[in-house]
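A.B. asks: Provided herewith is a single structure, encoded as structure tokens, for subsequent inquiry.
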Amino acid sequence: MANTAEYSSKTTRDGFLSYSDGSIENGLTTLTAVEIQKLDNTKEYDVIIIGAGFAGLIAARELGLRGRKVLLIEAKDRIGGRTFTAQTNDHNFEIGGTWIHWSQPHVWSEITRYGLSLKESKGVAADRMSILLENGTKLKEISMLDSLVALANAMEKYSDVDDVQGRTVIPFPHTPFVANELVQKYDQLSMQDRFDQIIDSLNITDEIKDMLLALLSMNMQGDIAEGGFIDHLRWWALGDYNMIRMFDKLSRYKIKEGTSTLAQAILNDCKNVTLLLSTSVLSVDHTNTNSSIIRIQTGDLLLARSVLVTVPLNALQNLKFFPPLGIKKQESIANGQCPGGRKFWVKLEKPIGPWFGMAPYPNPITMAYTDDEEGYIIVGFGPDELLDIQNINIVEKELNKFLPNVKVTYVLGHDWRNDPFILSTWSWYKPGQMCSSLKALQIAEPPIFFASGDIADGWRGFIDGAIESGLTNARYIQQYLNKRFPSH
Ligand SMILES: Cc1cc2nc3c(=O)[nH]c(=O)nc-3n(C[C@H](O)[C@H](O)[C@H](O)COP(=O)(O)OP(=O)(O)OC[C@H]3O[C@@H](n4cnc5c(N)ncnc54)[C@H](O)[C@@H]3O)c2cc1C
């Protein structure tokens, strides 16, 4: 690739590390933070790609390999977007997107291509489980094995809208609108609406009810009254209509070498691509369809025959388009998606072995589990903004509700919800949003194209979806350029 520095571990401005003595370090060490790049003297690019997350990286590689001149512009001081592996105290911590699975076709193909491998997060299969009942006031220790069947039954009833586990609604999980009428029907429901429909017929203990509510709230990272039920059915279908298989796909296996290693491998594979980091794009002017004008934060103007926008859905409102985008797209951008919640990692003073904890909304931690063999490291999730993850005392206090007396040595994470270039975690749509917005957000307005994990067809909200969307749009752009500028 052109104009890139040597890659080695550097510090990104993203993320924090809080220690038990009260000190906080801002910024984390990661493989994918690189030097600020300088532009080469290219007058006009075939494609300018805005955003160097997985959607942008994949599209850059594909188009560059087809001989297109590509400029990849990223606001952050690193590639990888909503994913990065922090290398801290001899441990790899995945601060954003983490778990992948061999049934996620696009990411798995990249794992094969670059020869990467998997590592298991141990606590996911732990038998020792703590649940917080009665609004977080009562701690109960249970055996996961003893509760699993009842919980899986409850989840099946929650998902079973048609006596065949939702198969008639989402028969092909990578083609979302096959059963259009049914999708429209269930898209109107919130996750809470569906819960209210079936709770009386569930016949479950309060304990299983709280576990079910914790799982649902965990998935959308907030109040289930605000999350669309169709996204639950989508995850259910992608999870083979089975709770344990779904859970394995969502939270069990991560890239052993680190997610940043995959991002970097894709970058290293790029040809004809110039990378410009720490540069935010302010506007895209496509009044002249033969040449779009991109204004960057320095005030400089850059020219391109086509533009691929991979900015996260909730941050798209900060990018200006001239002339304005189609009205449905504008409305969909203004509506945004659920903003998600918190993810944090802690290192404990003493190991606790494999362990898993859960509590329903609005507990500040809905799910947490050990990651490593010994149980020194815990990954945790909180809904909305209910947990101040930078405050180690608060994090320890909340963890002590599940694990009395454990002491936290340090906590680390990143505030994705308030990161101005992201403004969300993983994609979860609001009720009605899938039918009102997904197609509008996906549709190209040539010479402007849109790709993101937030608007994928299949694993929307996942690394796999970002890759799918990047690949699809690289194909569209290649077709567009071939047709529009045949002499290339
Ligand atoms: C806490 C968390 C946990 C997650 N867990 C998982 C998981 O376990 N498994 C999984 O598969 N997925 C997970 N995800 C989701 C996954 O990380 C994302 O779906 C995926 O990485 C999105 O990739 P993307 O390329 O579409 O967008 P992004 O990675 O968000 O990339 C978009 C890029 O655009 C840049 N940008 C924005 N505005 C501008 C601008 N104006 N100018 C220039 N650049 C701009 C941003 O800085 C960003 O780098 C998680 C996400 C989070 C936050």
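Note: Cβ is positioned from N, Cα and C throughout, glycine not excepted.
Automatic, uncurated: that is what TrEMBL annotation is.
Taken from TrEMBL, the feature FAD binding site applies to GLU74, ALA75, VAL281. The substrate binding site annotation in TrEMBL covers PHE381. What TrEMBL lists as domain 'Amine oxidase' is 54-477.
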A.B. asks: Taking just the CA atoms, what is the gap between ALA75 (FAD binding site) and the residue listed as 'substrate binding site' in Å?
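C.D. replies: ALA75 (FAD binding site) and the residue listed as 'substrate binding site' have their Cα atoms 26 Å apart.
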A.B. asks: Measure from the Cβ of GLU74 (FAD binding site) and count the other Cβ atoms within 10 Å, all protein chains considered.
C.D. replies: 27
A.B. asks: Excluding near sequence neighbours, so keeping only residues 6 or more apart in the same chain, what lies with its CB under 8 A of the residue listed as 'substrate binding site'?
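C.D. replies: For the residue listed as 'substrate binding site', the qualifying residues are MET218, GLN221, GLY341, ARG342, LYS343, PHE344, ILE365, THR366, MET367, ALA368.
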A.B. asks: If you draw a 10 Å sphere around the Cβ of VAL281 (FAD binding site), how many other Cβ atoms fall inside it, taking every protein chain shown into account?
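C.D. replies: So the number of other Cβ atoms within 10 Å of VAL281 (FAD binding site) is 23.
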A.B. asks: Kindly assign ALA75 (FAD binding site) to one of the three DSSP-derived states: helix, strand or coil.
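C.D. replies: In the DSSP reduction, ALA75 (FAD binding site) maps to coil.
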A.B. asks: Identify all same-chain residues not among GLU74, ALA75, VAL281 whose C-beta atom falls within 8 angstroms of the centroid of the FAD site's C-beta atoms; report them in sequence order.
C.D. replies: ILE50, GLY51, ALA52, ILE73, LYS76, LEU276, THR279, SER280, ILE296, VAL311, PHE421
A.B. asks: What whole-number value in Å do you get for the largest C-alpha pair distance within GLU74, ALA75, VAL281, the residues recorded as binding FAD?
C.D. replies: 8
A.B. asks: Other than its own, how many Cβ atoms are within 10 Å of the Cβ belonging to ALA75 (FAD binding site)?
C.D. replies: 23
A.B. asks: According to DSSP, collapsed to three classes, what secondary structure does the residue listed as 'substrate binding site' have?
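C.D. replies: In the DSSP reduction, the residue listed as 'substrate binding site' maps to strand.
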